[in-house]
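What Swiss-Prot annotates here:
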ACT_SITE  Lys59  active site, proton donor
BINDING   Asp9, Lys30, 57-66, Thr114, Arg175, Gln184, 204-205  substrate binding site
Amino acid sequence: MKKLALALDVNDINQALEIVDEIQDKIIIKIGYNLFIKGGINFVKQIKDRGFDIFLDLKLHDIPNTVYNGVKAVSEIGVNYLTIHSLGGQEMIQQAVKAKEGTDLKILAVTILTSHDENYPKLLGSSLSVPDLAYRLADMAVSNGSDGIVCSSHEVKFLKEHIQKPFIAVVPGIRLTKEKTDDQTRIATPEEALRDGADIIVVGRPILKAEDRNKIIKEMLSVIEEL
């Protein structure tokens with residue numbers, strides 16, 4: 001399993017394709033709903049045809065039948081990973097899992113976004129801490145058939161230690177240093193996330209804004225190999 005995903009968070013389809021064409025190593029490409037809305041299935045296939053695994057980050061969160069139909073449609077276009085939101089509940093997750101039966105699509109349930117801080121559970125009317133809420137959501141998702149979860153590096157070690165069923169842990173908010181420079185509040189370096197149990201790390205701006213993107217990618221792949 002590839003362990004490095006590039007968050008292709010740009011606004012222009014042509015720019016996105018230029019970046020992908022520049023990349024030498026066949027890593028995972030994460031496509032958010034901005035590019036997916038603009039480029040559609042054809043854009044996904046263009047990336048797929050270049051030899052990359054596709055991580056479609058749509059965070060589906062709707063009534064179970066609607067999510068079932070959405071996942072079914074995604075499963076037919078050769079996507080490797082698709083996100084749903086764990087807050088959608090057990091039945092929604094079960095329907096998402098059912099919809100991709102017979103395919104290689106992996107369902108990843110988002111727990112708590114890395115932009116949220118410790119006040120987030122209170123906004124939901126919960127007295128739980130962020131780690132406890134993340135655990136409740138992750139355990140529920142994995143127990144109902146989700147192949148993996150998306151969580152911050154702050155929770156991944158605890159989740160790996162306490163959720164009994166094996167699962168893929170995807171950790172976004174990866175930065176080259178711990179200095180906070182953007183809207184992500186719960187960040188980690190590649191080394192920290194991987195040591196704590198991340199199976200896939202998602203990196204966006206540190207690669208996209210680099211003068212030499214391939215250099216940064218190779219450095220991260222080297223860290224992955226060492227760990």
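Glycine is no exception: its Cβ is also placed from the backbone N, Cα and C atoms.
Taking Cβ-Cβ distances under 8 Å and a sequence gap of 6 or more within the same chain, the neighbours of Gly204 (substrate binding site) are Leu6, Ala7, Leu8, Asp9, Lys30, Pro172. The recorded positions listed here are Lys59, His61; among them, Lys59 has the most other Cβ atoms within 10 Å of its own Cβ.
The Cβ of Pro64 (substrate binding site) lies under 8 Å from the Cβ of Gly88, Glu91, Met92, Gln94, Gln95, each of these being in the same chain and 6 or more residues away along the sequence. According to DSSP, the residue listed as 'active site, proton donor' sits within a strand segment. Under DSSP, Asp9 (substrate binding site) is assigned to coil, being neither helix nor strand in the three-state scheme.
Counting every protein chain shown, the number of other Cβ atoms lying within 10 Å of the Cβ of Leu58 (substrate binding site) is 18. In the three-state DSSP classification, Gly204 (substrate binding site) falls within coil.
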